[in-house]
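Below is one structure; the comments refer to it alone.
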Amino acid sequence: MSTTEQARPVAPMTTRQVASRRRRASAAKLWREFRASASGMSGLIFLGVVILLAILAPVIADRSMLDVTQLTDQPRFAPPSWEHPMGTDHQGRELWVRMIWGARTSLLVGVAATAMSMIIGTLVGMAAGHFTGVAGGVIMRFVDFFLVLPSLVLAIVLSSVLSRGVLTIVIAIGVTSWAATARLVRAQTLAVEARPYVERSQVLGAGHWHIIGKHLFPAVLPLVLANTTLTVGSAIIAESTLAFLGLGDPTQQSWGTILKDSMDVSAATSGYWWYVVIPGLAIVLVVLAFTLVGRTFEAIVNPTLRSR
Amino acid sequence: MTDTITPVNAEVHDEKLAEESPTRSSFLGYFGTKLGGALISLVMVVLLGFFAFRVLPGDPVRRIAQERPMSPEQIAELRRQYGLDKPVTQQFLDYLVNIFTGNLGESYVYRTPVSELIGQYLGPTLLLTGTSAIIAIALGLWLGQRAAWRNGSLFDKIATGTSLTLWSVPTFWLALILLMIFGGTLRWFPTGGMVSPGVEPGTFDYVVDVARHMVLPVVTMVAVVFAQYLMVMRASLLEEKSSDYLTTARAKGLRDDLVRRRHAVPNALLPTVTLVFMHIGGLVAGAVTVETVFSWPGLGKLTYEAISGPDMPLLQGTFVVFSTIIIVMNLIADLIYRQLDPRVRRA
């Protein structure tokens, strides 16, 4: 959308201008409808607060608060109190400091992996819907394969063989979770492709790139964006699961690695409840918020879903 | 927990329905197509098993050397042992021969053949996932059709809200919480393993003991998975609810309950069946973390041990076996679907 605006010529009301004005109007309408949904808005506000905390982490709590070597006088496994709002961990680190630093990794991986998954899913889905015949069939076979195979198992394999790090986790989640999006996009592509304006474009001699870029992509975009918000939640869960299994980056804090540490010291059976409850609750709330926002958004762009 | 990771999208099953195009006539033709598809998937798993472990930039041997100190001689020995000193084409041929003769290599940590290990650990996993699947499917479908029939009621709101919340819960965390409450604090159930030491296999006590060990892992898996079934069933029945034949059924004076049970639910079940089986993949994936938390001696725990090893041959083995189970499950789903839906069968 931004490219169209940059390329806007000076002449009054070109087709581009009309299109961008229409797009802006529909975005405003979408926002109006979104604001009317209580659950969607509460999810959005909650996410805003969490993202703000994550961005401000270095300001709120200096990184040195996580340095184990400087925390020799801190109590270990201190339960939540006024002094230690969320308690401390097995090395005397404040849990709340780990939580806001962990939010950075968890959110970053969630968003980055989702972006990757959405790009692959949209491209493959549009290709599968646009190219009929053998090519489309082969692509769909490929999509089905990834749809059937549980992404966690594949992600485990990928993150075990690639060198350990945040980028590996992003790739592992991104390349294993795009299949559902691809199917969704393909269905939408097929529906759009059958419309007269695409046929008109074809008759006027438009090539594959033109049709995909100018007609199919704008038509599938709202659906993809709604799906994105839902997928971020799953990606955050996937990140925490991989980190929990010991595949995360050991040098970075994430909610998954905190839970991994808590299992390694048997916090669950030793009565250190805050060590288990707090990071997990954070994941649940953030994922729930993403789900609420995504569902609200989805219901607006896809009115057939509204009754559900 | 992963597909777990896939949100329940009504589009997926709508499309699945549309996909069963009415052109395939004979049973053999249908069976052939589905079997062919499953075989292609299996071939892809086998290829992926090879390429992921030998060709991707992360050299498995270097990876192992990173995790534990090793002399250059040991590294060379490892390379020889994995056959990594041979050309890639030769490695690939060896791999193919091995996999078709059931030889999945030797575990690096256990020092026993991987196929033997998997054989030992397969049973408990099937017991755990099978039990959870049956309970989750029954519970999810029953609650789902109730919720859809009373769409917008308090029951529906509670059911949908619970599902959304449970869907947002990481499987392993729910496991930890249950372990903490019922295993740690209340001590109602054992905290891990499958049998207590000293219980004789084959006796009645043995069965009771295994059942007690199973409660927490099964509850965890059911809680996470049934929500998906609930949402699928609910969406599917909502779609049927506005159909004309239901108006007809009501017009001829059938009780509301009968309309639901005899007319609406059977039709709504059709698309659900496919999705139920497709989500079994998610259930199997959930087994990895649940078995890890509860030290249940199954394939999931074996996978965890393979990761922490790192034990590449073992990980490759569990990957191939997990994937095969899931592909076979999906093939079964396709065949059942045909039996259930006369439109697909006759058309």
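Even glycines carry a Cβ here, placed using N, Cα and C.
Note that TrEMBL annotation is computational and uncurated.
What TrEMBL says about this one:
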| type | residues | note |
| --- | --- | --- |
| DOMAIN | A:103-294 | domain 'ABC transmembrane type-1' |
| REGION | A:1-21 | region 'Disordered' |
| TRANSMEM | A:41-61 | transmembrane segment |
| TRANSMEM | A:105-126 | transmembrane segment |
| TRANSMEM | A:138-159 | transmembrane segment |
| TRANSMEM | A:216-238 | transmembrane segment |
| TRANSMEM | A:272-293 | transmembrane segment |
Among A:41-61, A:105-126, A:138-159, A:272-293, stretch most in contact with the transmembrane segment (A:216-238) (C-beta, under 8 angstroms):
A:105-126
Chain residues outside the transmembrane segment (A:272-293) and at least six past its termini with a C-beta under 8 angstroms from it:
39-40, 42-44, 46-47, 50, 77, 79-80, 86-87, 89-90, 95, 99, 102-103, 106-107, 229-230, 232-234, 236-237, 240, 255, 258-259, 261-262, 265
Residue list, the transmembrane segment (A:41-61) vs rest of chain: Cβ under 8 Å, 6 or more residues beyond ends.
34-35, 94, 96-97, 100-101, 103-104, 107, 285-286, 288-293, 296
